[in-house]
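> Annotations per Swiss-Prot:
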BINDING   83, 182  heme b b562 binding site
BINDING   97, 196  heme b b566 binding site
BINDING   201  ubiquinone binding site
TRANSMEM  33-53  transmembrane segment
TRANSMEM  77-98  transmembrane segment
TRANSMEM  113-133  transmembrane segment
TRANSMEM  178-198  transmembrane segment
TRANSMEM  226-246  transmembrane segment
TRANSMEM  288-308  transmembrane segment
TRANSMEM  320-340  transmembrane segment
TRANSMEM  347-367  transmembrane segment
């Protein structure tokens, strides 16, 4: 008799995706982040659902409803902090996942890579709208500053901003629609994740060597289910330590003050995972130029497969490219640091240099280094 998991219409989809899936035998722990991102998404949806049961999307009660969740709801504080810090873990895994894709040449799986970029944009939009919901000082001013960037779009900019706000400033209408979108987007993300996996399973996973895995594959279960569980344990341990010992470590103290449209915080800055893009935005004196640079800082990922001129897919045996990759990583750390600093000398100059280096590395230096490596290997 054939096993039910191979014949049942629903179970056979699960089986071919997570049990009998042929996987390369040599993929390292860097391939764990896909499953960890799935776990993060599940944590965010579950905790978010419980928070939505007690939250009110109204400017007069939003802040106090979050306080009520933390003080009066059973285990409300832990749900709130799991959700807030879960977002940080989500982005940490996302950045490592994208970095692994760049290092090992996974961007040659074009459909998977491009849907991944769409997912990154969607997750960033969701996180931004979620940050507005507690209606603290940084929530309000962050929403005002970031949505106002759209006014840089020629001709339609001002109308577009007022349309998004639902009025002439960030107010009740803005908060209500942000809550609606913040609630629905994770489910859209879940659907996109399925499409991401669909395209990945069409081609099969890449591996650290960047070579074809067709000759040597093993079933996903039990080998990689166990490996993913180990990664999940580390993720949950880190998240638990963060939530129980230092829940506000990655947050902004200004967000414990209710939103006040008449008082601007001394330094408006987003959460840590947006700081690199915020630094790039601030490094360009022109408003429209800054907005374009901000969008391009993420959209540039879509250009990477076009700039791929190396004969070797992975960077594993390309030491010069490895050096450039780690310089890019250090540059992103620098941009993240600069994004959290005040707009004054020398931070502005450092930010401008780091921004130029970021785009130069991806668009010019790394392809040039790949060309040199090809010549060195006489290819």
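The backbone N, Cα and C atoms fix where each Cβ goes, and this holds for glycine too.
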> Let me make sure I understand the structure: which of the binding-site residues listed (83, 97, 182, 196, 201) has the fewest other Cβ atoms within 10 A of its Cβ?
201
> Taking contact to mean three or more C-beta pairs under 8 angstroms, with sequence separation of 6 or more, is the transmembrane segment (226-246) in contact with the transmembrane segment (320-340)?
no
> Which of the binding-site residues 83, 97, 182 has its Cα closest in space to the Cα of residue 201 (ubiquinone binding site)?
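In terms of Cα distance, residue 201 (ubiquinone binding site) lies closest to 97.
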> Would you mind reading off the Cα separation of residue 182 (heme b b562 binding site) from residue 97 (heme b b566 binding site), to the nearest angstrom?
23
> Reported as an integer number of Å, what is the Cα distance between residue 196 (heme b b566 binding site) and residue 83 (heme b b562 binding site)?
24
> Please indicate, using numbers and ranges, the residues of the same chain that are 6 or more beyond the transmembrane segment (320-340) and have a C-beta under 8 Å from a C-beta there.
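The answer is 99, 102-103, 269-270, 272, 274-280, 282, 310, 347, 350-351, 354-355, 357-358, 361-362, 365-366, 369-370, 372-373.
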